[in-house]
Amino acid sequence: MSLPNPAELISQMAIRLDAHLAKRGISEPRYIGIRTGGVWVAQALLDEMGSDSPLGTLDVSFYRDDFSQSGLHPQVRPSALPFEIEGQHLVLIDDVLMSGRTIRAALNELFDYGRPASVTLVCLLDLDAGELPIRPNVVGATLSLAAHERVKLSGPELKLELQDLAL
Amino acid sequence: MTPLETKRPLQLNDQGQLRHFLSLDGLRRELLTEILDTADSFLEVGARAVKKVPLLRGKTVCNVFFENSTRTRTTFELAAQRLSADVITLNVSTSSASKGETLLDTLRNLEAMAADMFVVRHGDSGAAHFIAEHVCPQVAIINGGDGRHAHPTQGMLDMLTIRRHKGGFENLSVAIVGDILHSRVARSNMLALKTLGCPDIRVIAPKTLLPIGIEQYGVKVYTDMAEGLKDVDVVIMLRLQRERMAGGLLPSEGEFYRLFGLTTARLAGAKPDCIVMHPGPINRGVEIESAVADGPHSVILNQVTYGIAIRMAVLSMAMSGQTAQRQFEQGQFEQENAQ
């Protein structure tokens, strides 16, 4: 299976995100990337849109629902949101949407900072494997992978790579 | 007992992660750094409007204090609450122990209440270790201070204080001053500084308040304040532990203050940007002058804030390590049964 080119996806996403925000009448959204891949995607997206908005970063390790199965992530970093959340329109950005559990954790964390006016979800890839009723508002591409396949993003220069767990 | 268990240190699981936190002795630098990094992230949580994360939701943390404490007990309570755990605190000195119940029986009762974690403070050295060995294995034991032996969370919060104010440990001179003999804080600090690569660790104390064999910690010993404080970056003052002092070690408190009290004049010999730390409670005019305790070099109250973050880190890491260990053992059990 051939993977899409992230740079092309980013330019399409920028157009779609602009259209989405215009339709909703949102003029000054706050951008937040989910560590680590989401921050790379968010930065690339901001660069593409020519925006110098500050980028918030979220580490959802303390909010994950799999603590009792996988424990604490050893490289947790502080979240850094250099703006108010209360009453703001947020654009939440992640690299790969799979189960939707990361997004749930991110939403829970965001609401501990305040009550946003809205949250728009942007993902580079949607693997169409949702375990929760969470769908992106803007997506680069939707892929269907076999059960033994995973896609991995590296950065900050965005590169996608297909991994085969069966090998 | 499997061969693994005989080899592995009691406080680590088979993957080398923390499952109890009893002492800093034998812990690798990477693990101490991981505790500090995790605590840094928890510090950010403490600065939010909602100072709570759902990590330990549904877990029960039981503080069992056989010895008095204000700071350690309340910061452990706050730490557990900020992790969304349920917390009970038992001052055993005022409960069953006074009715003749043994330590083990008290703990077995608490264990039967399905506690996931005990934070233990005890006047006897080795108490936490004893409990970790003898209660059921899935309860994580955190040492909140045992006798003269160790106070590992205090040691780590002191390291977090130094790292946040000095950036690291590689080029630092650190002086630990006062009642080294009775101080579990001093022991934990000497071990942690050594492991984290501090090149110049000094202890300053009268000979009667120095333990025998202090040199094995890799420290330089001074009995003169001016000499020992010269050009240090960090001064860690210790409380004069009057309740542990069985007479004869000091002529008087006044004499101690005259020779070893930290005054503005004495501090002038240290580096101009040095920091002054103290585990609390401070005895003003016994080991430290008020002007120093409240002065610009003092980070004594910052230490309390950092203490909550360190305790959150240790509680969540030990719980995480316990969980991993249980899964590992379950996996082994299933493998053996499949064969």
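From the backbone N, Cα and C atoms, a Cβ is placed for every residue, glycine too.
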Worksheet, complete the sentence: Joining B:Arg71, B:Thr72, B:His151, B:Gln154, B:Gly280, B:Pro281 at the carbamoyl phosphate site recorded in TrEMBL, out of B:Arg108, B:Arg121, B:Arg242, is B:Arg121
Practice prompt. Among B:Arg71, B:Thr72, B:Arg121, B:His151, B:Gln154, B:Gly280, B:Pro281, the annotated carbamoyl phosphate contacts, find the widest CA pair distance and round it to a whole Å.
Written response: 16
Response to the item:
Close in space but at least six residues away in sequence, with Cβ under 8 Å from that of B:Arg71 (carbamoyl phosphate binding site), the same-chain residues are B:Gly280, B:Pro281, B:Val304, B:Gly307
Item to complete: For B:Arg121 (carbamoyl phosphate binding site), write down the residues of its own chain that are at least 6 apart in sequence and whose Cβ falls under 8 Å from its Cβ; none is a fine answer.
Response: B:Val64, B:Phe65, B:Phe66, B:Glu67, B:Ser69, B:Thr72, B:Arg73, B:Asn143, B:Gly144, B:Gly145, B:Asp146
Fill in: Of B:His151, B:Arg184 (the binding-site residues), the residue whose Cβ has the fewest other Cβ atoms within 10 Å
B:Arg184
Practice prompt. State the Cα to Cα distance, in Å, between B:Arg239 (L-aspartate binding site) and B:His151 (carbamoyl phosphate binding site), rounded to an integer.
Written response: 14
